[in-house]
């Protein structure tokens, strides 16, 4: 391929725009040549040093016409007539020229010029002479014949002819580049198909998975866009606030971690008298501007800082009636922002005479779910993968990898069982819960609803409940029975959303805890098998991460394990 | 509130984290990013082919792998017959890399050093070949090229026989029709759940988007803007202001410019190249999309001319300040447009 590249790039034709499959460096040169208006070298300068060597002897002419005349006079060979006689195309001419030159070089002064099979060989795409000007002139030969004129005559032509000639060249070159491009892509395909990968067909699926994951939201705005475009999340807040305007009308609200201020604006639109919007990030400047643009700046006061550092409300305000916050992290408690919301609640929420809260937490309740997963495709893609990476054993890369909780939204079909009545394993009343309630250790039991080859992972997710009911009186527990969720969600005006694998994907996705089989395979388990155990969620030493520990065993004795995972 | 920038929380590569050096190196500690890179077949197979198909170049040579990661390139080089390979990486991934090299029986051929290229002590005074996978988004974002060039000047043999794999990198640009997605990404801020969010719109316009662009969205022919020859390029050359000219292929709108890069291993017997453009297979680099303030209306045969300016940010060299100037070359007064857009990759 390099030879074609050299031919195409070196000649005057290089001034044409070209596609990216060509040699990039050469193409850059070509681009410079084209930019003559910007003070780059003009292509015409090359033409001044035009030296054409005769096909048959060492005679060097300074123009194409001169060379053609020489060959006609000295060797009785008319290249223009020859070309038209054999109807040779661009590549045909290149092969012919190189064929003749190679024959002459080997001492054959009279190479075959009648039988096209003599030069019809790919090996003659390789130039014999370096910078062979004759090869660069193939286009010109074509135009000489089609216009029936010698170059001298065409130089005298008016500008219109010149333009049409250039246009013709352009279209020819474009088709030549198409051929070239095809060849390049063919060789590329060939190179790859030499060693077909077993993952070949999965390329697209993988690409999509990448799109969906890590780099998808990459920038400052993107976080907020992702959250705002998480319709499950944003609609739940909006629906609860707009459908319970009676609860918000005339009230004082605090929005903890307001971000772009969307929840504050919902509250203001729903009739809140005053909203205090807190955030410790620079986004708050944008939020202030947005509230102003939407005519809500009178109702919303933005405060930059940590809630822990806020000891007094602005103005004459002493208490708030409602605390709204979108504090949930991966696996619910990752990033551990809820204690900050509790701090705001304990410090500013209005209280009854008995000391219990007399205001509303929005959302009001959250719960954590657990289910068994079987996903052999994921395991082969992400676990087995490391045992043969381009011929190398990299299984040690897995050490530690299976200690991390994987954030993903697994396909619903990989969920192969559930708890009784699909209830959560733990639930909290946010009016009552304290920071220490968020570290928990609960028993669980799941039943498989299908036969599986192996238990591959435990999947956790959370539900969020927005209840309009006033908080319980003093002394109520922070953790409540999981079956409460059905009653709470059924109330008039209540809104619930789930981040489960069975419902629409949210930006939280789910937390998947892969069972580390240490290279061994798990046991087959049959539908109806119950697996019981206990699971613990503890914050890590730094405070923002999460450690999850589980131990489990099946009634039939086929499955048993204990493992710890980290979310960091 | 989950940090959505970061679907793999372990990577800690979200914008909430300061983009300090510490952050940069930490983000490579986690195995997830290595998995993504290794599974990028275009990338890994191109390196593999360039090395395995040129055993004659590697036989008995001393090879330096700059930013070796999991050491896959070092192992390719060792398998190709190198006398010795030195892999250098700042990240703790090198602990894993050592285990991998051991398991694959190449410990006597490969020396792995953890530390900064500028600070580690190599067991050889000079090397015959430098291999490195240093490319970042838009070629230069968070790229290690500075380090590769430092290693070249310090360690590559001086007699002109030294080789660099790869040795050529070219940035291309093209114009795309991207109405729907621009509406989704930029127009989105005009109406967010009933509110006007336009202050964020202007921020969004300054953030280049790393994403896959469909070939059918491409309205112009591509143009190469700059080619870096790794044998001669200097760190100073990485700040540039260069013209480009995009021939319009079909009558359409242009909402954005895109950029991508091609890589070449030209020392090979048969040159190995790969492209990260929209016309070829997916790579983890995808393409970089720069939305324009205007929507350009162009007709086939016209040219969109412009200038691409790129320089490392003064405060953090791994961030890039990019600017695109553009003008449509048309006689139609109603469609003439020109503008200047500034972007920041951080």
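Even glycines carry a Cβ here, placed using N, Cα and C.
The structure displayed is predicted, hence computed values, not measured ones.
Checking TrEMBL for region 'Disordered' across the ranges A:144-165, A:166-187, A:188-209, A:210-231 points to A:144-165. Only pairs six or more apart in sequence are counted, and the domain 'Methyltransferase' (A:253-331) with the domain 'Protein arginine N-methyltransferase' (A:367-469) gives three or more Cβ pairs under 8 Å, enough to call it a contact.
The helix, strand and coil residue counts that DSSP assigns across the domain 'Methyltransferase' (A:253-331) are 22 helix, 21 strand, 36 coil. Residue counts for the domain 'Protein arginine N-methyltransferase 3-like C2H2 zinc finger' (A:83-127) under DSSP, split into helix (H, G, I), strand (E, B) and coil, are 27 helix, 0 strand, 18 coil. Note on the domain 'Protein arginine N-methyltransferase' (A:367-469): its mean pLDDT in the predicted model is 94.
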